[in-house]
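What follows is a short report on a single structure.
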């Protein structure tokens, strides 16, 4: 037998997703071909369990899911339900009718059989008790054996029927969960922009992870309890009255009186669960925002701000969670104390009022009836509680699915035509970002929101933040001629994005008509990339056409980039393209559209993030090239040098369209006001004209050189495409995301120790365990006291009356209640502290993790820790409490049985050995299945996150079905792992029930030879309790181990190295730095080499340069050359592998990251806007006054726009708010102006702004950042032409550096890289 040691096994969830889409698909599920006996004993799971004992279970070792559970077969059932608001009861009732009554009638039959057995089993016990009371002369061994077997069969049938009830209802719960999850995802793909503002990705994530799970929990057994338990209670009550007469009614009355209290407590549990979910939603939204914007948060040094925001929501969640658990504990106490009071009250009336004597058959038959009665009476309030807890979840799901449907029905309806001969038209079109012109308050309406802008989320409601009341586009007429190029231009916030969103149906059409071709490809300004290979991002679900694919790579200028990638076109792209430059993202985005071969292409700013040379190539060879030339093309751009090449031009200004050809528009006033950019470039053109060295011959040579480069690229196109023999090796070499670590074997003891320390201390924990043991010992003493009482009445030699025994019984109940309260208080405090500390540590660990951590771990994987794993930890109290409760009960019961019948210890040892072997066989596989299940959730979250961010792209390419299939496959994987894990539960459940029943039989058998009737009966009744508790014990122990595997996964992330851990901060040096460091702003790069990963080539190669105080530096180079890497190195987002960087003579590796990043200003290429007020987005720490904020907004030309908003700078905006890309960049620039740092880095800050606005901003920067050192990365020559010096970077090397006095010399230098950069920017302006 192989010993399983603690090892680490790595599973890539992306690989997991692929593997599970097709693994074992055609295999028949073992359940479907199992024999009757195998189905009864669940032996069809045994092959997997045995294999899992000797080997670590992998996904391929788990059989396929039965067809009946697969989501593609269950989701259509939900399509029959018409989702409406306030239909929370309607959805639950529909699932009853369509899932339970149609698909799972067997579960009801099995539960009814179980209820019948629960009524008959006390009669079997009564017959046995009557037999053991007989005189020895009246006893027969065979008759006694018959009664012992009778007791055995009652216990066995009851246990086995319960196991099958659990299994059938589990299947129902899984079907419901899978169907709802798939339905929610399908509706997510239909969310409009308005819908995305109503429901963030975090909210939808919570619907899937929490609310769908609540449905699964309820439809696992609870719905049957509500159906069968009332009938079962009535039958048992009748049997109780037959046994002890009306005295039983007194006990039942107390039980009934406890139900309203229990129901009240359950309602409180439901109330605080709802509040807890509310704050959980907000926490998840903030965490999603933090993860999505983590790079910019680090650049701004805002991690602490976001951590504090999240902790604020977590604190509120924990307060409500604590109250929920407190009421849950009170409910449990009421049930347990009332069960004791039920007995004492019944026997009090029976003896003192009815004047009858307590006998063994009366006492223990009544105990057995009350025990069987206790279960439905306990489960019924729990089922009601779960139903009450389910209703808020049902309401949330119904509201989402209803409102989503409403949103989609109100989306603009467009007329589609086949072919490319039809003009694209908007006729009298009026559009609004709010569906059906719904009003969304842009201010803070409630007092709650006034006090806390995190109690979100009110949104800005249009294309730009300029307009708050009117339609964004009103009564417009638009035409894009068929087969022609139409260019749309206009200043920031003019309505360009609204227009193209109106064309593709992504904005609400109030009136008018839109006509558009049948197939449309759309490229968003913010590229949508999925975590897959570069090839798959371009193909995007379409079959491979190699000839077209090669032409697309060439047309989109991707050949040079692919040559430098380790896996060529099979290089893995991280989420949101984290391992690509902005230009590379845009070109892959463009390549996807070009490959699709659509009738129409709508391109939103595809040229903004690339250098001029690449932009020219893209325009000439892609937009005007062979593959797209005869198609209808609509290009939104600020690159006005391309306007003369357009067949049709549309100018937008404040939502008003002016359109026509270039010749028709160039003399019009409105057009000229937009085209002021021409004047910005006169200086550059004059500079070129004044140098006669640029003659025609040299220009022809430049063009000839470019053509030669392009020809060389065509020749080498095959070198960047992996063939079938290279693909596996290339995919392995190009892998970005690391495999998700999966522990195997038992959860390490250190994890338990760590969890105990987070909760309190070892002394506290072991004291808590003792409270459980003592309270359960007191509970079993109730029965022992009844034995003494009955024994005295039987022998009639006692001197004490019934009042004495009743008084002491009440004393035992009082003591039991005290210890019960203490144990629940202790476990409540313990688990709450553990949950709080784990989340706090996880949050700080993720917040301060290195950038590389986010490069190699998907957002779905990280979100999984904060959603499902934290939810598991939050609810660990219930499992731990039950584990300690049943464990202590089993311990005390076994000890009592051994004391009564010492000889029973020998067969018990054999049963214990069998028990150990069975649970070991089960536990090995069960833990691995649970770990695989945990990992299998990550693809679900990742697909949801990806899809939410790329809804417009997915819809425009009509890829909804493919993404739904991906999601359904991932859901099936998750259900499949849970299904086999749960079926394994039932396998061990049957085995343990056999062990328990054997223990009952042994107790009964040995009791036949025991002269003490009272102790004999006590031993049998105690053994009967084992039939439930022994199985429950192992189940709760495994469940607790599984919960601890979530703790284990969280701990793995907590132990991740933090950013900057590898560097030695000189605290003395940092403490001596002036508060306003750096005071000069001098920068030195000394032989700097940067590698993104150790196994990759350097992205910066031995770069050295010095920058003086207050110097203005421009950095240029083609896309992917290393410009942004220079910025990342300065902020220590990536540590130098060689060399060093100094600021004001200080080695930046010797100071803390917080100090460094707080001292540098940044205006990033991709702006970051989070949910909150405009004020918070500009000044998150509340450092600046209103007047300072308004002055900064005035400098970036946003003051007038924001002053029109009802709440001004206190207007709440959202991550999905329809601020234009340019407006977001202006807000980022406002942050820099407010901060006024000595050192500022501008990374393509004007790339998505029109030239006129960019020119104004450049003037503003020059006027307001005069005493600072600035480094500016730009593709626009006018942005950096006034720099003191210009650095030219190519392929990670600094190839040129010169001051502004030598600019003309470099422009005229034939071999200068800078010349090519300028040439491609300025050539088209010569036509003006």
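Every residue, even glycine, has its Cβ placed from backbone N, Cα and C.
Only residues 6 or more beyond the boundaries of the transmembrane segment (112-132), in the same chain, are considered here, and those with a CB under 8 A from a CB of the stretch are 139, 143-144, 147-148, 150-151, 153-155, 157-158, 161-162, 165, 228, 231-232, 235-236, 239, 243, 360-361, 364-365, 368-369, 372, 375-376, 1004, 1007-1008, 1013, 1016-1017, 1020-1021, 1024. Positions annotated as transmembrane segment by Swiss-Prot, on the basis of sequence analysis: 112-132 (among others).
Same-chain residues lying 6+ beyond the ends of the transmembrane segment (140-160) with a Cβ under 8 Å from its Cβ atoms: 40, 114, 117-118, 120-121, 124-125, 127-128, 131-132, 989-990, 993-994, 996-997, 1000-1001, 1004-1005, 1007-1008, 1020, 1024, 1027-1028, 1031. Here Swiss-Prot flags 140-160 (among others) as transmembrane segment.
Marked as transmembrane segment by Swiss-Prot: 224-244 (among others).
Marked as transmembrane segment by Swiss-Prot on the basis of sequence analysis: 245-265 (among others). The list of residues near the transmembrane segment (245-265) in space but at least 6 beyond its ends in sequence, with Cβ under 8 angstroms from a Cβ of it, reads 237, 327-328, 330-331, 334-335, 338-339, 341-343, 345-347, 349-350, 353-354, 366, 369-370, 373, 377, 380-381, 384.
Taken from Swiss-Prot, the feature transmembrane segment applies to 287-307 (among others), supported by sequence analysis.
Residues or ranges marked as transmembrane segment in Swiss-Prot (evidence: sequence analysis): 333-353 (among others).
For 457-678, the entry in Swiss-Prot reads domain 'ABC transporter 1', with the evidence type sequence analysis.
Taken from Swiss-Prot, the feature region 'Disordered' covers 684-708.
Swiss-Prot lists 762-782 (among others) with the feature transmembrane segment, giving sequence analysis as the kind of evidence. Long-range neighbours of the transmembrane segment (762-782) within the same chain, counting only residues 6 or more positions beyond its ends whose Cβ lies under 8 Å from a Cβ of the stretch, are 336, 340, 343, 756, 809, 812-813, 815-816, 819-820, 822-823, 826-827, 830, 884-885, 887-889, 891-893, 896, 1022.
Marked as domain 'ABC transmembrane type-1 2' by Swiss-Prot: 765-1046.
Taken from Swiss-Prot, the feature transmembrane segment covers 802-822 (among others), and the record attributes it to sequence analysis. Same-chain neighbours of the transmembrane segment (802-822): 333, 336-337, 340-341, 343-344, 347-348, 351-352, 358, 771, 774-775, 778-779, 781-782, 785-786, 788-789, counting only residues six or more beyond its ends whose CB sits under 8 Å from a CB of the stretch.
Look at Swiss-Prot and you will find 894-914 (among others) tagged as transmembrane segment. Outside the transmembrane segment (894-914) by six or more residues, the chain places 780, 784, 995, 998-999, 1002-1003, 1006-1007, 1010, 1015-1016, 1018-1019, 1022-1023, 1026 with a CB less than 8 A from a CB of the stretch.
Look at Swiss-Prot and you will find 988-1008 (among others) tagged as transmembrane segment.
Only residues 6 or more beyond the boundaries of the transmembrane segment (1014-1034), in the same chain, are considered here, and those with a CB under 8 A from a CB of the stretch are 125, 128-129, 132, 151, 155, 158-159, 360, 364, 367-368, 371, 780, 783-784, 787-788, 790-791, 794, 882-883, 886-887, 889-890, 893-894, 896-897, 900-901, 904, 915, 919, 922, 988-989, 992-993, 995-997, 999-1000, 1002-1004, 1006-1007. According to Swiss-Prot, the transmembrane segment annotation covers 1014-1034 (among others), on the basis of sequence analysis.
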Sequence-remote partners of the transmembrane segment (333-353) [C-beta within less than 8 Å, at least six residues beyond its ends]:
244-248, 250-252, 254-255, 258, 261-262, 265, 362-363, 366-367, 370, 374, 377-378, 381, 779, 782, 786, 802-803, 806, 809-810, 813, 816-817, 820-821, 824
Please average pLDDT over the domain 'ABC transporter 1' (457-678) for the predicted structure.
80
